[in-house]
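Have a look at the structure below, then the notes.
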Amino acid sequence: MSTVDKMLIKGIRSFDPENKNVVTFFRPLTLIVGANGAGKTTIIECLKVSCTGELPPNARSGHSFIHDPKVAGETETKAQIKLRFKTAAGKDVVCIRSFQLTQKASKMEYKAIESVLQTINPHTGEKVCLSYRCADMDREIPALMGVSKAILENVIFVHQDESNWPLQDPSTLKKKFDDIFSATRYTKALEVIKKLHKDQAQEIKTFKLKLENLQTLKDAAYKLRESIAQDQERTESSKVQMLELETSVQKVDAEVHNKEMMLKDLRKLQDQVSIKTAERSTLFKEQQRQYAALPEENEDTIEELKEWKSKFEERLALLGTKIRKMEREMVDTETTISSLHNAKTNYMLEISKLQTEAEAHMLLKNERDSTIQNIFFHYNLGNVPSTPFSTEVVLNLTNRIKSRLGELEMDLLDKKKSNETALSTAWDCYMDANDRWKSIEAQKRAKDEIKMGISKRIEEKEIERDSFEFEISTVDVKQTDEREKQVQVELERKTKQNSERGFESKIEQKQHEIYSLEHKIKTLNRERDVMAGDAEDRVKLSLKKTEQENLKKKHKKIIDECKDRIRGVLKGRLPPEKDMKREIVQALRSIEREYDDLSLKSREAEKEVNMLQMKIQEVNNSLFKHNKDTESRKRYIESKLQALKQESVTIDAYPKLLESAKDKRDDRKREYNMANGMRQMFEPFEKRARQEHSCPCCERSFTADEEASFIKKQRVKASSTGEHLKALAVESSNADSVFQQLDKLRAVFEEYSKLTTEIIPLAEKTLQEHTEELGQKSEALDDVLGISAQIKADKDSIEALVQPLENADRIFQEIVSYQKQIEDLEYKLDFRGLGVKTMEEIQSELSSLQSSKDKLHGELEKLRDDQIYMERDISCLQARWHAVREEKAKAANLLRDVTKAEEDLERLAEEKSQLDLDVKYLTEALGPLSKEKEQLLSDYNDMKIRRNQEYEELAEKKRNYQQEVEALLKASYKINEYHDLKKGERLDDIQEKQRLSDSQLQSCEARKNELAGELNRNKDLMRNQDQLRRNIEDNLNYRTTKAKVEELTREIESLEEQILNIGGIAAVEAEIVKILRERERLLSELNRCRGTVSVYESSISKNRVELKQAQYKDIDKRHFDQLIQLKTTEMANKDLDRYYNALDKALMRFHTMKMEEINKIIRELWQQTYRGQDMDYIRIHSDSEGAGTRSYSYKVLMQTGDTELEMRGRCSAGQKVLASLIIRLALAETFCLNCGILALDEPTTNLDGPNSESLAGALLRIMEDRKGQENFQLIVITHDERFAQMIGQRQHAEKYYRVAKDDMQHSIIEAQEIFD
């Protein structure tokens, strides 16, 4: 059920575009009070715009609806309405509409900039936003609220300017009611159905013609398909013959192919003989050439020559290696010489740079010392020692200078604080005097404003008093008293007359007499009917007794057949016949419950057994898988170990083998490292002996022979160590490879160990537990199944009794029914036998009683009419008496108002004179205070100028001193930086490095000359070996060519032998010609068959092409679809006719029912609310505008006595307002089933006091009636405080809202406590 919860307004009409105003809507009442023009109606307008998107009347396309930019002082204003409501399904939704009004050069532009719906996703709890176009939003919100847009516009949220629409012109009234009833939509639906029915009738005729045409085409297509089928059969027969011929041709082709392949092989062999003969001829010539070019032929074999060449190559390789090693050493020496030359150049450049920096450092130290002396002299900081200063002296003097700078900064800070303190004190004195002057000035202005307000109030009170005196002058109090007495006497007389006539007792007496006569008439009618039906009842009695006896025999037979089984079920007891079925059914239900319980237990036990079996199966599978994995890992590890050890090894030996391989690897690595260290030691020894000509260990000088011997010994050691190092490297690599292979098996071995020690034992234990539990569960299941089978047998035996006993019980009930009918008939016949009147006497008595009854009815109607007229007179007199009393009370109130106005005038005059005295005293006190304030401000400004000058002088002195100190510190920093970087020590180091580079350069030049001589000797030796190598290579080439010639000779002889074995080429060619003739004959026969098939296929193709024409395409489906379409269209057309009639009748019935319901509510509300005597009630009259359509015209009628008049143009403004309100309440009651919201804007406009009170009472009764309805919401907007107090009671709302305007003339909404 939809309700509105809260609304935010910003920038609409007079509401501030910068601030948000929020209204919370209560249930059942939301009361909004405020003066005219405060902005109350804007709330209704915002509700209507949010829900329907329709702007209020006279909004000038939205220009006057949005806050004016000129008023806000901006070029554009933005507005927003945010409404939170519950949908008809109870879901919270927030509707947001945003607007913009822009001031252009010559006009204003209105724009709706955003329409958004927000809701909460019930699954995720997240906020979901959907943006809509305005038109979509206008359709979406009424659908969510469960009411139409017309109801929202014309019933729920009605603007004050449109609230009297029920009494507007007939066309407007018709449009409103048509929208509310959705009449136009349904009338159009009827017209569409009627038109569709007519169109479909025409389509049915067309469909029948199409179906006849399709039937003709279908028959033609059938004939074509029949012809195609016959041709296809003939084609298939010919194709079988063609297949046989093709098989024969293929066999002949295969034979031809074999012969051709044989011929091809012969020709290939012939070609190979020719190629190899040519190749042998070429190689033989090459052999002869090589033999002629040999300087001498070597008698050694090819293997001996190759071995000689291999060793020769090895010796040449060693010599080449030595030459390359010496060349590399030569290049290294030249590179070293170049590097030393470069380093020497760099050292010279850096020495020059560092010497320059040392000179600059000395100048900077002298400058620093001079600066320290100047500072101490100028600022009188004490005596200084003589220059140059040591580092410690400089540090002490610098610290004294810094300390003096800190003292100057503290002096400056103290000066600033003392200045601020003095200025603050002077300013406080000034502000104190200024505050006293402002306070008195403010008091004076306030007194002046109060005095002006009092003057204005005096004028208003005088006007009010004059108006009251004028009203009193028009009232004749004496005449009012006399009229009150007359009306009261007449009312008492009528009331007494009403009570004396005793209408209620007389009406009750007449009704009692009528009831008595009706009872007598019914008794006589029964006697007459009984008398007429006597003979028939006796025949019925006899038949009933006969049927009853037959039923008793059937019943006894069934009971005798089932008696023993019943006793067995009920443990030997046989219940009465009437309770037999009930007890058997109870026993059946009991045993069924027991059986169901056992079935449930058996299913649960079976489920547990199945679960255990599945678990056991799963554990078995897992155990099998683990054992399989264990075995595979074991085989894998043992195979790897066997491959490594070349012997059979079990998996248990793996840890020891891994540890052993690790130790062996570490030992080999340690030996290799030790040998490598020795080799690295021998090479520097040899190098140092060459360079320094002394022993590297004892540093003893060598002679030339000792040095040569030492170097030779070192080379021998290095050579032997190198070979040993290679062997150790191979052994270390092998040991590491074995360890790596074993280590890769570690993860597999760990998995194997985990499987054998943890996983498999745990699985076996689980399997054993599940097996034991399965045995227990299986025994329990067998027990339950045994008991269940026994119970099922008992249940089946009882179920076999149910059907016979149901028949017996049904027969027994029929026997009882017949017995009751027999007793009734016997009683009727016995009663009649006591003595009866004749038919004529009964008829005469009935006529007499009927005439008496009609006479009493007439008297009763007359009494009721007299009572109504009397009560109407009393009601009119009461209304006149109340009106006179109100007039009298009004006059008394006017007198009190005049007295009160005069008292207020006297009090205001006294207040005004007192204010004049206060203003005079305050004006006199302002003069001295103004002079004191100006003097204090002048003193403050003088002090501020003087103290600022003193502070600036001290600050300037401190700045000069700080600049000199910073210059000193900068110089000290550069000096310290020179020492920190140790540039003096670096100069000494680089000079030492330059001397060392010169010595190394001389050594390198000597070694370069030595290497050049030795390299030239080795290259000469290398050139002499080349000639010997060429001789060996030429002998090898000659021997190789000779061997190839002999090989080719053997291959040619072999090929010629193969050609002779196969046969001659001419014989094979003759056989191929014979086979080709047979192939031609078969192909001729095959072509003849193909021609026949082509003729048949041409016919088939022609027929198929004809079938593919558009007229035959999908002809069966089209014929079937057309038939279905025809039948379904005929059925649909009949349904449309039914729908048209049903909808037509439903619309008429719905309209009539709703109008009766609306008029009933209008009549009740009018009689409860209206206090005038000129109208009994009002109603809405609807007329059908034509016989053929369901269009209605509407008008509001008023009933005055027996006269019915149209209300429009004959009612006052107040009656119009009240009638419109009541009609809206009735429409809301009738149509707003899903939306219990109703907004009333100024409902008391043009209503007098009694009608306002009665309207308030009616609204209170409606709220009381709807207190159980959760979604009922009444929103009332009024300026009438009295009316608001009448309906604003605490049981209906805790707070009410007051709308007012602030100082900026912006509307504001304030929540206040409800009226007490």
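Cβ coordinates come from backbone N, Cα and C, glycine included.
Straight from Swiss-Prot, the features:
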- R13, N36, G37, G39, K40, T41, T42, I66, D68, Q160: ATP binding site (BINDING)
- T41, Q160: Mg(2+) binding site (BINDING)
- C695, C698: Zn(2+) binding site (BINDING)
- 194-343: coiled coil (COILED)
- 648-686: coiled coil (COILED)
- 719-747: coiled coil (COILED)
- 762-972: coiled coil (COILED)
- 999-1090: coiled coil (COILED)
- 648-747: domain 'Zinc-hook' (DOMAIN)
Problem set entry | Per-residue pLDDT averaged over the coiled coil (648-686), given as an integer | 75
Exercise. For G37 (ATP binding site), which DSSP three-state class applies?
Worked result: coil
Exercise. Rounded to an integer, what is the Cα-Cα distance in Å between D68 (ATP binding site) and T41 (Mg(2+) binding site)?
Worked result: 17
Exercise. Between R13 (ATP binding site) and T41 (Mg(2+) binding site), what C-alpha distance do you get in Å?
Worked result: 10
Problem set entry | R13 (ATP binding site) in three-state DSSP notation | coil
For this session: Report, as a single number, how many Cβ atoms besides its own are within 10 Å of the Cβ of K40 (ATP binding site).
Result: 23
Problem set entry | Distant-in-sequence Cβ neighbours of Q160 (Mg(2+) binding site), under 8 Å, six or more positions away | T41, I44, D1241, E1242, T1245
Problem set entry | Under 8 Å by Cβ from T42 (ATP binding site), same chain, sequence gap 6 or more | I9, I12, R13, S14, F15, S1307
Exercise. According to DSSP, which kind of secondary structure is D68 (ATP binding site) found in, if we only use helix, strand and coil?
Worked result: coil
Problem set entry | Other CB atoms within 10 A, centred on R13 (ATP binding site) | 21
Seminar exercise, completed: Within 10 A of the CB of G37 (ATP binding site), the number of other CB atoms across every chain shown is 13
Problem set entry | Which of T41, D68, the listed binding-site residues, has fewest other Cβ atoms within 10 Å | D68
